[in-house]
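Chemist: Below is the structure I would like to discuss, written out as C-alpha cells.
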Amino acid sequence: MSLSAKDKANVKAIWGKISSKSDDIGAEALGRMLVVYPQTKTYFSHWADVSPGSAPVKKHGKTIMGAVGDAVGKMDDLVGGLASLSELHAFKLRIDPANFKILAHCLLVVIGMLFPADFTPDIHVSVDKFFQNLALALAEKYR
Amino acid sequence: MVEWSDFERSTIQNIFANMDYDVVGPKALARCLVVYPWTQRYFGNFGNLYNAAAIMGNPMVANHGKVVLHGLDRAVKNMDNIKATYAELSVLHSEKLHVDPDNFRLLADCLSIVVAAQMGTAFTADVQAAFQKFLAVVVSSLGRQYH
C-alpha cells in the first residue's frame, strides 16, 4: 500500500495545517496511548511519571513528532531516510512493531479531535498509509 | 463476563445518549469504506462507491450506517451480556453475509475517530479507553460464532 502522488500531497497539506501544534499532538497521542493501551507502559518503566501531561510524556511526544515531521519531508524514500532511526529501534529500543500501529491510531484520533474539519476521510486514508509506511521503514532493520 | 467500572458504564451511556445515530452511523461507515477500500467488497450492490465524494453522498451507505449504529444500541442497553446479545448477529455475519471479522475492528477504529471529532477535547484519554473497550467487546462478540 505505497504512497501515491495524491497521498503525498494530502500528507503535506494536512501537515501544513497541524505542524504548529505538533508538540501538543505528540504529547496528547503518547499520553493517550499509555492510558488506552496500558501494555505500552512496559517500555517506559524508567520514567517516574507516565501520566498524560507529565514532563517525560510531553518531551517524548515532541521528539516523536519531530521525527514524524522529518519523515514528511522524506516520503520519497522513507526506508533510506529513516535508516538510522530504524537501527535505533531495532537494536537498542527493540519496540515490538505492533506498537507502531497503536501509536498511529492514537495520532489519528488526536488529529481528528483537534482538526475535525480538515481530517476528511480522503486525508485520513493518506495519513494512515503514511503512518503504515513510516512504521514499515522503522521496522526495516528488525530482522 | 466483562467487568465495567462505574466510570466506564456512565461514559458509554453518556456518549450514546448524546450521539446523533443518524449522523454518526453514516459518517463512520463512509469513512471505513474510504479508508479501508477493501471493505467495499461487501457492498457490491450499493451503486456508486467510486471515490470518497461518491461514498459520502451515497444514500445506501448512509442508510446502512444508521442500521449499524442502531444495532450498536443493543450492546449499550445490555452491557452485561453483549456476547449473548450479539450471538444471532454473529451467526448472520458469518453464515449469511460472510464478513471477515477483522472488518468489525476496522469499523470500530473509524467510529472512534468520528466520535473523537464530534466530542473534541471531551474525548479524553479515559473516555477513549472506555469507548474502545466497549467496542472491543462488541467486536469480539460479533466474531464469536464464526467457525
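Just so you know, glycine gets a Cβ as well, placed from its N, Cα and C.
Below are the features listed in TrEMBL for this protein:
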- A:2-143: domain 'Globin' (DOMAIN)
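Mind running through what each feature is packed against?
Modeler: When averaged over the domain 'Globin' (A:2-143), pLDDT in the model lands at 96.
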Chemist: When DSSP states are grouped into helix, strand and coil, how many residues of the domain 'Globin' (A:2-143) land in each?
Modeler: 111 helix, 0 strand, 31 coil
